[in-house]
Structure formats: structure tokens, C-alpha cells
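Summarising the annotation, TrEMBL assigns transmembrane segment to 38-56. Taken from TrEMBL, the feature domain 'NXPE C-terminal' covers 327-381.
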Amino acid sequence: MEFIKPKEKLGESTTTNLPSADGPHSGTRGCKYSRKNLIFISVCALSVFLYFSKAYKWTLIQEQFKTRHEEMTVDEVMFSLSWASSTSKYTSFKNTSSAQHSVVWLEQRRAQYCVGDTLNVLVEMRNYAGQPKANGGDFIVARIHSPKLQACASGDVTDLLNGFYRVRFHLFWPGEIQVSVRLIHSSEAVDVLRRDWKKDYTKISHRGTFKVGRKQETTPCALRLDSDRALCEYRKKEDGEYYACYRPQTLPCNSLAIMRAFSYKGPNLTKEDSQLLAKKNIGIEIKNSFKPVTVVGCTGASHTPTEKCVAGMNSPFPGGHFYSNRWLPSFCQAEPFSSEVAITRCLKGKILYILGDSTARQWLEYLTRKVKGLRIVSGSRFQSYLAVHAVTTSRSGG
């Protein structure tokens with residue numbers, strides 16, 4: 001396609017399209033008139049361009065900021081929890097995946113590995129007869145570690161869907177590194193879990209205790225209850241959360257004080273299912289065909305993040321590693337809280353609310369042991385906790 005200069009093209013078109021009734025100099029007057037229009041149009045176009053340029057940049061910045069703190073929708077959460085389709089078919093136990101008969105291979109071994117390089121291994125899954133598997137779906141986890149350095153990092157596992165798995169490790173530290181791959185569940189055991197997960201049986205029951213003074217009543221609670229009976233309904237309009245308990249006979253709904261969970265008996269497993277899920281067959285390490293790898297610190301190979309860690313940052317996988325039993329993020333600088341002084345400085349003048357399960361409670365109990373003067377002054381195993389610092393009166397509740 002021939003490129004035509006805008007000025008030449010404009011002159012041709014404006015002269016040709018002017019009406020001839022204005023006389024022999026109409027073309028010249030037309031050109032002068034078109035230049036005025038051109039200046040006016042150019043100014044307008046430039047203004048519009050600058051406006052949309054600024055608007056575009058602003059939108060782009062806003063989108064970048066938004067995606068860093070973006071929350072998943074309910075549908076996205078449910079989709080992320082969905083199971084992959086089954087790729088295996090149970091015939092006999094000897095044909096199921098066996099960690100003892102499988103092997104881990106080192107891909108493309110190098111003469112030297114530097115900090116910051118990638119280490120790839122290939123996992124070949126075999127059954128109890130020693131025959132290669134032809135399908136994927138096994139649940140395996142992988143890590144690299146250096147016990148003497150108290151260092152470890154997770155590996156990124158890719159299912160090749162043909163009995164092989166590729167694991168990618170980022171080499172974070174120098175020294176002798178061991179590769180560890182474990183088979184948590186065979187693909188056949190995953191199928192059992194998938195099948196029973198779909199069944200609509202009650203796995204956990206909840207009971208709420210209502211208390212007023214010394215009087216208390218206990219009723220069943222759940223996300224869904226038979227509405228034929230009177231209910232105490234607890235709603236949170238902000239995020240659509242809903243929970244309910246059967247209304248106690250005499251006490252008000254706002255006297256709910258304690259919630260307890262009870263496990264029901266699980267699904268009825270067949271003999272074959274129980275064998276697949278037996279403890280002796282869970283979390284078995286797969287043997288390596290290679291010795292530990294030595295990693296050296298090469299000039300310019302490693303990268304140290306400079307941005308300070310803040311809540312809501314997008315985290316890659318793996319998001320970091322442990323070294324000297326301390327977590328080091330790979331994408332930002334985290335302030336260490338290894339000393340009592342650092343912890344106290346961070347919490348000074350703050351009220352910290354911790355919402356969670358028994359793990360959160362254990363973390364709070366650890367914190368009170370770590371920081372002198374911070375002690376739990378209220379709460380029991382099934383109720384809220386309140387920890388008060390004797391000096392700064394900072395509180396941590398969960």
C-alpha cells in the first residue's frame with residue numbers, strides 16, 4: 001500500500017470538492033478555509049487525545065492497583081475448589097500407583113547449578129507390579145531441602161497426564177540440596193475421595209450453647225436447618241453470610257455464647273477403598289535416581305527483592321523459602337520478627353484482632369510466651385481470647 005502524505009491528500013480532496021460557483025479563485029479560498037478548519041480540528045483532536053491519554057493512564061493505574069488486592073467471587077472460589085475429571089479406573093490394588101516402585105529422574109543435568117537457576121525433575125509413576133502408569137491424577141508434593149542449613153522450598157508440580165510429572169524447583173540458596181517427592185494419594189485414592197465428596201452426607205454437626213447467668217440451653221446449629229421449627233438466624237448483609245440455630249425454649253437468640261463441632265461417622269468405605277486410604281500408603285517418599293545437587297553462588301545470578309511486603313500483594317509460586325528456619329519471601333522484603341523487641345515494636349499502640357480456628361489460638365498462645373508482659377486475661381478453649389500487654393496495654397483478641 002502506497003503511503004500518501006496527509007498534506008498532499010488534504011489539498012487534493014479540498015480543492016476538488018469545492019463548488020465552482022465561487023469563481024476562478026474558489027479553490028484558493030477553499031484551501032484557506034480548509035486550513036482554518038484544519039487548525040480547529042487539530043486543536044480539538046489534540047485535546048481529545050490528551051484527555052483520553054490521561055484517562056487511559058489513570059484507568060490503567062487503577063486497574064493495576066485493583067488487581068493487586070482483587071478478591072475472588074463466590075463462583076471463582078467454588079470453581080477453584082472443583083475436582084479435576086477422573087483419569088484412572090480401579091481394577092485391582094496391584095495396578096494402583098506405588099511410591100515404592102516409582103522413581104524420580106533429574107532432567108538435563110548441568111555441570112554447575114547457580115543460585116537463581118531452575119532445577120527440573122521428572123517423576124515416573126509405576127504400579128505395584130512395577131509397570132509404568134499411563135494416566136495422571138496422582139496427588140504428589142515436592143520440595144528441596146538442606147537439613148544442616150534448616151532450609152527448604154516447595155516445588156511446582158505439573159501433571160503431564162501420561163504417568164509422568166514434571167517438578168520445577170527454584171534454587172534459592174547455595175549448598176548441598178536434596179530433592180524429596182512424596183506420593184500423598186494415588187489417582188485411584190483420589191477417585192475415592194472425589195466420589196465420597198460428592199455425597200450429601202453430614203460430615204460435621206454444630207451445637208450452640210445459649211447462656212444467661214447460670215442458665216443455659218443447647219440446640220443444633222447449621223447453615224441449613226428445617227424451617228418448621230423456630231430459628232435464631234444470624235445474617236451478615238455485607239457478604240451474604242448466613243447461619244442459624246434452633247431457637248432455645250426460654251433464652252433469647254442474642255445469648256448464644258459457645259459453639260461446638262462434632263464429627264459424624266464418615267461414609268461407608270469398601271475393603272478396596274480402605275486399602276487405598278490406609279495410613280501406611282499415604283505420604284510415601286519416592287526414591288531418587290540421582291545424588292544430592294550442589295548449588296553455588298554465581299555472580300549476578302540471584303535476585304534480592306527490594307519492595308517492602310504489604311498485605312494484598314500478588315504472590316508467585318513458590319512465594320519464598322525457609323532458611324535458618326526463617327521464612328524469606330521471594331517477591332518482597334519482610335521485616336523479621338525473631339526478637340521480642342521487634343514484635344513489641346510492631347504491636348505497640350495497636351489492637352490486633354485474630355479470627356481463626358485452633359491454629360490461630362495456638363499462635364496467640366505462642367505470642368504470649370514469646371513476649372514478656374503479654375498475657376491472656378480472659379477466654380477459654382471455646383470462647384474469645386483477650387491478651388493484654390502489661391506495659392503498652394495493646395490488646396490481641398481472637
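Note: Cβ is positioned from N, Cα and C throughout, glycine not excepted.
TrEMBL labels come from automatic prediction, so no person has curated them.
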Next item on the list: Summarise the domain 'NXPE C-terminal' (327-381) by DSSP state, stating how many residues are helix, strand and coil.
Entry: 21 helix, 12 strand, 22 coil
Note to self: Mean pLDDT for the domain 'NXPE C-terminal' (327-381), rounded to an integer?
What the structure shows: 80
